[in-house]
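Listed in TrEMBL:
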- 168-203: coiled coil (COILED)
- 279-304: compositional bias 'Basic and acidic residues' (COMPBIAS)
- 270-304: region 'Disordered' (REGION)
- 6-25: transmembrane segment (TRANSMEM)
- 37-62: transmembrane segment (TRANSMEM)
- 68-90: transmembrane segment (TRANSMEM)
- 111-134: transmembrane segment (TRANSMEM)
- 140-159: transmembrane segment (TRANSMEM)
Amino acid sequence: MVVSKYFIWFILFSFMGWVYETIYCTLNKHHWQNRGFLFGPICPIYGVGAVAASIVCSGVALPKMSNLKIFLVCFFGSIILEYVTSWVLEKLFHAIWWDYSNVKFNIHGRVCLPASIGFGLAGLLVVHVILPFAQHTTGFLSPLAMEILALLLMAVFAADTALTVSALTSLTQNLQAIEAQVNKQMEELYSNLEDNLNEKKLLAMERKDEFTASAAEKKEELTNAAVESMTRLLNLGQRHALHSVKEFHYEDHTSGFSSRLVRMEQEIRKKAKNAKNAATEKAEALKNFKASKENTMEKKDEEV
């Protein structure tokens, strides 16, 4: 029953975290932002942090624990949780979900002082407001009902996690395949250019800049073609993963293909929307033309 209770709290706190993240990012970006790591409306890192804070604070004499101590526990706890989570996700999926590199007092872009202070203050809110609310809400459930609800939520959470991991894995593999394909084609192009250099050394020296520009244009052309081809083949899970990840990072470089995919998908959606609107307008115009023609024919019949 204890495990069931904490798991229900985990889902509840994760949902609250998703609501906060989504509202904040939507207002900041001025368009809808689904900040969930999974398909469902939850951010697991918030659930883990809140449940951990509730366990720590309920494991000690809470009335004797000052607000400063609660703040410090949540402050340092959030630093550890955020840093470890960011590192693990990057190692597993080569993906970065958040990046504080542009914020002062950050550590490797994984954590930063302002965010940690915010989580410390949020810990006070969890302990004094949200935790009592969660206790009150689950207090109405019988032990059997709590276990059944927890099992149902576990099943949904497990299925969601499996789908997300599968989508992320396939998306990462596809991105790496694109890079490998473009690099291979560019190697062949440079090999051909080197052959031309050897055959026409003097002419090649004079037109070096032209060859360089041509190679750059060719790489851009190959990249755009590969990205567009992949974008049209993305399934629903991969599209969700693509929009939830900030960027993909490998051992020796950061991939720029994820941002290209997002832009390409937006362009394809825009073109599809424009085509649909054009088709609707054309159909409406044709309908009006037919109606006008019928009215004209009726008037002629009346005159006759």
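Glycine residues also receive a Cβ, built from the backbone N, Cα and C atoms like all the rest.
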Per-region confidence, the coiled coil (168-203) (mean pLDDT, whole number): 67
The transmembrane segment (37-62) versus listed stretches 6-25, 68-90, 111-134, 140-159: most Cβ pairs under 8 Å: 6-25
